Structures are given as C-alpha cells and as structure tokens.
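TrEMBL annotations:
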TRANSMEM  6-29  transmembrane segment
TRANSMEM  36-56  transmembrane segment
TRANSMEM  62-82  transmembrane segment
TRANSMEM  94-110  transmembrane segment
TRANSMEM  122-139  transmembrane segment
TRANSMEM  146-164  transmembrane segment
TRANSMEM  184-210  transmembrane segment
DOMAIN    251-389  domain 'GGDEF'
REGION    387-410  region 'Disordered'
COMPBIAS  401-410  compositional bias 'Basic and acidic residues'
Amino acid sequence: MSAAVFVLAINLCVAGIFVTAFLLVAVYTRAVSARWLALAYGAGVVNVGLELILPFQAEPRLFSIGIFAAFLLAQAFAVVGLARNYRLEPPWRLLAGLVLVSMIAIVLIIDMDRRSLLRGLGYQGPYALMQLLGMLVVLRSGRRHVLDLVLLAIYALGALNFLGKPFLAVALGPGINAQAYIGTTYAAISQAVGAVLLIANGILMLVILLRDAMVTMTTQTETDPLSGLLNRRGFEDHAEKLLASARRTGVPVSIVVADLDHFKSINDQYGHPVGDVVISRFSKTLMAAADMGAMTVSGAILGRLGGEEFAALAPGSGLNTAQLFAERVRMQFAAEPVIAQAPDKRPTASYGVAQLRPDEGLFDLLRRADAALYEAKKTGRDRICVAEAEHPLPPPVPAGADRRQGSRRP
C-alpha cells in the first residue's frame, strides 16, 4: 500500500465521521448550516472514494472529471454552510459561475500533459478560488473572535495550498497518467496536507457551530418572547456586569424604569391579546427610542422586568440624558395609533429615573427608580419623576416576597 492510499483511506474515514457529526448537530440544533456542511463532507467522501477506485479504471477520463467535480462541490457546499452559519446570504451567483466555468475548463484541460503548469493551475485554481470565497464570507460576517480568525487563517492556508500544488506537481511529477498518480510522492504530500486542512476545518466548524448553538440557547433563556427584550434574569445578569465595569471606569450609569398605566384594567376589559399588543408596542417604542440616540445608549440594556414593568440601563448617561430618553419614549408611546380592538383606550406609561450612586448596587438603584416611578403614578400617571438625593428609599422587600412576579402597580 502506497503512502497516498493510506492517507486517502484516513481521509475517507475522517470525512465519514464529519458527515455523521454534522448530521447529529443538524438534528439536535436544527442548524441549516450543519446540513450543508454534512453535504460538503458527503461530497468529500465521494471524492475520496473515486480517488481510490481510479487506479483500477481502464478509461480514467470520466472518473477524473468526477473526482474534480465532487471536490469542487464539496467546497461550494462548505461555503454555503459557512454563510448560513454566519447568517449571511450565500454568494450563489459567484458559486454557480465558478462551478460552471470550472467544469467547462476541466473538460478542456483534462487531456493536457499532466506535467504542464498550465494544466495544474487550471485544475487547482478553482479550488483556491473556493477557499477565497470562504474567506470572503468570514470577512463579511464582521466577527473577529479567536475561532473566526483561526477559521480565516485555515481558509487562507487552503488557498495557498491549492495555488502551490501545480508547482509541486511540476517539481515532483504527478504520474504519467491518472492511474499512476496515487503511487507518486506528490500524491502522498498532497493528500497528507489535505488531510490536515480537512481535519482542522472540520473540527473548527464543529466548535463554531456548538459555540453559536450555546449562544442561541443562552439568548433564548434570557429573552422575553413577547417583547423581544431581556427577561428579568437576563436583565439582572447583564446589568451586574455593566455596573461592575462602570465602577472600574467611573462612567456614569442611569436607569429608566417604566410601568404601563392601568394595564390590569386593559387586560380585564379587552382580554390578554390586546394586553399583549400593548406590551409589544411599548417594547418596540423603547427599542426605537434607544436606537434614535435620545441618550447615549451604546451598550444599553433593555428588559421587561415583570408583567408590565420595563427598564433601560445605560452607561455614560446622567440624570438629564436619561430623563430626555424617558420623555422621548413617553411621547412616542402616547402617539401610537389606537388599537383597533380597544378604540376608546390609549395606553400610557409612567416612568422613574435614577442615576447610580458610588455606594449602591443594582437592587438599590432599582429601588430608587421604583420610588420615583411610584411618585409618577401617584401624581397622575403618564409622566416622569426623577429620583433625587433627598428621595427616601422605600422599605426593603419583606422576606419571602417575590419581586420577580412583576409589577402590581395600578
């Protein structure tokens, strides 16, 4: 058994393992990208299988074209899977154009002298271009985490590998014919390098898929499905990290707490579907106001703390800026169109604003904002009150009380 045959056998087993692994990921995470990657490694299995059968063929021309096509499609499927994983539209036109031109080219050059540099570049060039398309997808994603940068490097190495193969083939000799290729030193080196890149790319893509699946699961556990904002648990977790960073850097932090007015009566009178519409509208208003730059909200945290209670925590914002933000939210929400199912009811909200003190944590900050919110409720609703220094803190929550059940304000 030649060294190249041994490496091809290893590649066949490895590709089969990756097909199984990506299919399992696709089943358990429902990731479309994993299906494409399983298809890519499946095409790789076909490629290696044809390579092993080729030496026994009297007429190798069609097999040689099939080997080229299988590996080209494997790389194309991998690019699609990569794009899907990064939530990008795959470069369909580029892929289709490259596959079409490459298949025409391979038919034209397949019978050229195997030692010809032009033939080698025509054969390996499309593979290198596929690697460059993979790099383009990673770059377009905008992600610059360690794993993404390593993946970018692997694609770059892959492109260099395919561009270097024609010169290596000329130097070492690719075999007098297609059947003789598998017994050459060039084949052994080529397949060994390919095996390393195959394994590195496969393992890295599996890790990236699992990483992204974990991020998605974490996001789902921290997100309120109705509003699209963080739920109370997610808000508190992110807020604690933000406050810790603010204490280290000395950046001011303010919070705006909002509570929908007469929300219980809306639910009782018009039903929960209308109440859900009100919550959804307010959430969108909150997000839109944050995006419009009403206050410095870079890195702001928006959450639904309870049934009808919401909060926005923003670094770099003092009381005045936070108050302006609250006023923008109040005005935009009050200007929302009348709900068709409740034409005689225009929902409003009340707001409490507080700025973080040097000696307090999230709980005390929320208590002071709640005190200001209670003042807004007491003095007429649909208004904003600010927690000044002289505002006394409300009494602590009694032991056993669960503040996570949402607001019980009128």
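If you go along the chain as it appears here, the first residue is 1 and each next one adds 1.
Cβ from N, Cα, C; glycine included.
TrEMBL entries are annotated by machine, without manual review.
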Feature contact check the transmembrane segment (122-139) with the transmembrane segment (184-210), CB under 8 Å, 3 or more pairs: no
Remote residues contacting the transmembrane segment (6-29) - C-beta distance under 8 A, at least 6 residues beyond either end: 35, 37-38, 41-42, 44-45, 48-49, 51-52, 182, 188, 191-192, 194-195, 198-199, 202, 205-206, 209-210, 213, 216
Recorded stretch that, among 36-56, 94-110, 122-139, has the most CB pairs under 8 Å to the transmembrane segment (146-164): 122-139
Winner by Cβ pairs under 8 Å against the transmembrane segment (36-56), considering only 62-82, 94-110, 122-139: 62-82
Mean per-residue pLDDT computed across the domain 'GGDEF' (251-389): 87
Positions whose Cβ lies under 8 angstroms from the transmembrane segment (62-82), at least six residues beyond its ends: 33-37, 39-44, 46-47, 50-51, 53-54, 90-91, 95, 98-99, 102-103, 106-107, 110, 123, 126-127, 130-131, 133-134, 137-138, 178, 201, 205
